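Comments concern the structure below.
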Amino acid sequence: MNSTSNLIEQVIEAWQNMQAKTPLVQCITNSVAANYTANVLLASGASPAMIDNPYEAESFTKISSALSINLGTPTSEQMQAMQISAKTAQLNNVPWVLDPVGYGPILAWRSQMTDELLQFKPSVIRGNASEISTLAGNQVQSKGVDSTLSSDQAYQQAFSLLTHASCIAISGESDYILSNEVDAVIQVNGGSPLQPKITATGCALGALIAAYSAVTTPTIAALSAHIHFAIAGKLAANQAQTMGSFSSIFMDYIHMLDANLIEQYADVKLLNKQA
């Protein structure tokens, strides 16, 4: 059984490995999030590549350290690239993260494409509470791509998704990580209410999980990324209460995170699984 202290030690090791290895992360992401996502990865110590052309997808995925697929603003051409890259990642043991943005009956086309991508066994599925709950087969009132469900409600409904991925990460006021590797639900606290008001923070979080997955297991990757964001959000909120200032300082702390800050501020709890 993992203890919280042991998990935090593994997070510190993952952070150190990412700084040492600078993993190359292929991001097939949405037009709103691409720039912010790339900057978050650079600030974190990874190397982003926004390769979403189906004619280049296979060759680039083969040389990538990890793959992040985000369905925020999908085009037909992007969907082709997603399918090619996901299949290539599975065949070449490249860890990959699926972010099913907006999954649900209102956005039926992308949701069907998401269902098809599950066959390629993502390492981690990451989303907000509504997306994850709906993906798990529950009926949830939709509000575009924003969550109408709390994360503590959603994690109870998401265990079935562990047949598709090693790890499920649900973001919210508290974040929850379900895993085939750890016999508990991992709860991560911290962050700031201003984070979801900044465009693309959730999308960038998915890409950061992918970056960490290049240097550690899927569960520790998800935990590391969520802790990274939670600490940066908490410390930024101590210095700024308005969105513009918070956004800038948040990015600074994404860059300035180190082992001492992780050890000092990581707030992790282990909960019993209740499938």
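Just so it is clear, glycine is given a Cβ too, placed from its N, Cα and C backbone atoms.
According to Swiss-Prot:
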type: BINDING; residues: Met50, Ala200; note: substrate binding site
type: BINDING; residues: Arg126, Ser171; note: ATP binding site
Students should find that the Cα atoms of Ser171 (ATP binding site) and Ala200 (substrate binding site) sit apart, in Å rounded to an integer, by 13
With every protein chain in view, what's the tally of Cβ atoms within 10 Å of the Cβ of Arg126 (ATP binding site), excluding that atom itself? 33
Filtered by Cβ under 8 Å and at least 6 apart in sequence, the residues in the chain of Met50 (substrate binding site) near it are Cys27, Ile28, Thr29, Ala34, Thr37, Ala38
Given the binding-site residues Ser171, Ala200, and counting only Cβ atoms in the protein chains shown, which has the most within 10 Å of its Cβ? Ser171
What kind of secondary structure is Met50 (substrate binding site) part of, going by DSSP in three states? coil
What is the separation, in Å, between the Cα atoms of Ala200 (substrate binding site) and Arg126 (ATP binding site)? 14
